[in-house]
Structure formats: C-alpha cells, structure tokens
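Copied from TrEMBL, the annotated features are:
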- 39-56: transmembrane segment (TRANSMEM)
- 67-128: domain 'Homeobox' (DOMAIN)
- 131-332: domain 'TLC' (DOMAIN)
- 140-160: transmembrane segment (TRANSMEM)
- 210-229: transmembrane segment (TRANSMEM)
- 264-284: transmembrane segment (TRANSMEM)
- 304-324: transmembrane segment (TRANSMEM)
- 344-354: compositional bias 'Acidic residues' (COMPBIAS)
C-alpha cells in the first residue's frame, strides 16, 4: 500500500510538464539536478540551527542587550492562591464577571482583589523584554546574512534581470552549488522557526505565523524537487530584503531608542510594500503564472505552486494592513503599539500607584511597545 501511495505521489504528470519524466532530471555529463532526497538534510540542519540559536542568544544577544541597556520591567507578582491558580490553569486566563464573583466567594478575596490577581498573573506569563530582544537579534542576524548571500547567488544570473530567463530550458535546468546551499539553509531555518514557534513569543497573529511557515516550507520544498529553483531563489531573496529591517527596528525599540526604531520602521514599511505588494505580485507572480504557459500546458504542479503563492500573498496583504496602520501612527506622532501584541495590563489601586512612585515597580504604567512583526 505504501509503495502504491508513493508511486501516485511521485507520478510525473503531477509535478512535471507533459512528455517529461524524472529520468530527464538524472545527473549526467557533469550536470547536477535537484532531487527530492536532497531535502532530507534540512531536518538535522534545522535542529543544528536551534543549537546555534541557543548559543547565539546566550553568548551574543544577551551581552549585546546589556551594552544597549535593555532593561527588564519589574512586575508585581500575584500572591499565591490555590483556588485562583487552578481556575487560571484549567479554565481561562480571562474570567468573566460571573466567574470573578464566584471565585471571590471561593477564595475569600474581594472582587477587586480577584481582578487584580488575574491581571498580575497574566503579566507574569508575558515574555520578558530580554527574551524578545534575543529573538529579534537572532532573526536579524540570519535575515541579514541570508539576504546578502541570496543576492550573491542571483545578482550575476541572467534571470535576475530578465524574468523570461527563469523558464528558459525548463525543466532541464542544472543546479549550481550556491543554489543548493541557499535552498538548504533557508529551508532549514524555516523548519527551525516552525519547531520553536510554540516556545517563542506568541502574538495575536500566531495562527497566521504557522500558516506562513508551513506555506513557505511547502513552497521551498516543491520548487526544489519540481526544479523551480530559479524562481525560488528570486522569491526567497525578495522576502529576506525587508525582514532584517523589521528585526533591527524591534531591537532598537527594546533598547529604548525610539527615534531610531521609528525611522527604521518607516524604511521597513516602504520596502515591505514595494517588495511584497508590487514586485512579488506584478513581476514574480506574473512570471510564474503567465510565462510557463508559453512553453507547456498547465499541469498540477503549476497550479499547486501558484496556489501556494496566492496563500503567501494573502498573508502579505494582511500584514501590510497592520504595517500601514502603524506607519500612519508613527508619521502622525501618536503612541504606537504592535497591532499583534498583548498589552501589559495595569493595576489602578491606590497602594500600587504609591508603590510605583516610591520604588522601581512600574507595573502600573502603560508600556510603549513598538514590537512590529509581519511575518516574525
């Protein structure tokens, strides 16, 4: 049964144009072609990325945070309470008014004390500023290196300047070593992001992030074994062109460099809109949708690849909407928060306000959080 499913999955008519078979893509005469088996290496490389990330965040990002004076916010802790803790862990972190009144009777606390306890308890679970800075530093480093490497891979290729060259001779297009490593590293990195997403800082677009990572992994993998490598390298470099700007803006935000953060974010917004809403749909997707039809009839792989491109483009439109909203607030000088992040909740009782005045406890004050993210 497994062999039957395997044969159906790799049926040439699914992934290759008519009159071509996998035998046409076997290595010969010194020409090397992409193979699905090449992608096996990306899984161990993904775990290697997780190890490298841990070392980077510990020995590079943490000292860098100290140099940039990234300061942790001291949070008031919730008083241990077994009744409230059980409800918090097993039922919900955001109790309704009826639940609050019921918990008040069970725990012996006033309604206001129960509400304050849940606010403090939720704040305890929110990621620290240092954790956010370390994650942003890691992604900034990778995206910057990946963008430079990607440009080095494609800038001297004819299809970088003439998109019709992307399909010249397709699918009998041999693979270069630089293309191999660019693909393996990019795919491994996105696998590592998917593996770590549960432990990374969660935002309101958590589901969209999962969809983005899965769609990216599928696109990179499919474009590899169907030999869409030329188009794939262009798409990956295009995405990396704005990501490092976003992560650097986050780093400066966490360090308290508001003006620098704001200026970089405006540049990021412009680059994101140009690359994701103009170049990608009107140049790259035009290239993948129309140019192949001049060479061969549409087949399943053609429809599948472009469908996944539409999924990515839909996510770009969603994130562009959030980015434009934030950019407008930057330009008008309004206080800006990440549209996708939870706000630090405040306590309004008199004793907490007094504590905030007399000590380092600033939990009672709203926090400016310019932690912008597209696609983290």
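In case you wondered, yes, glycine gets a Cβ from its N, Cα and C as well.
If you look at the transmembrane segment (264-284) against the transmembrane segment (210-229), you find fewer than three C-beta pairs under 8 angstroms, all six or more positions apart, and that falls short of contact.
A mean pLDDT of 91 is what the model gives for the domain 'TLC' (131-332). For the domain 'Homeobox' (67-128), residue counts in helix, strand and coil come to 36 helix, 0 strand, 26 coil, using DSSP.
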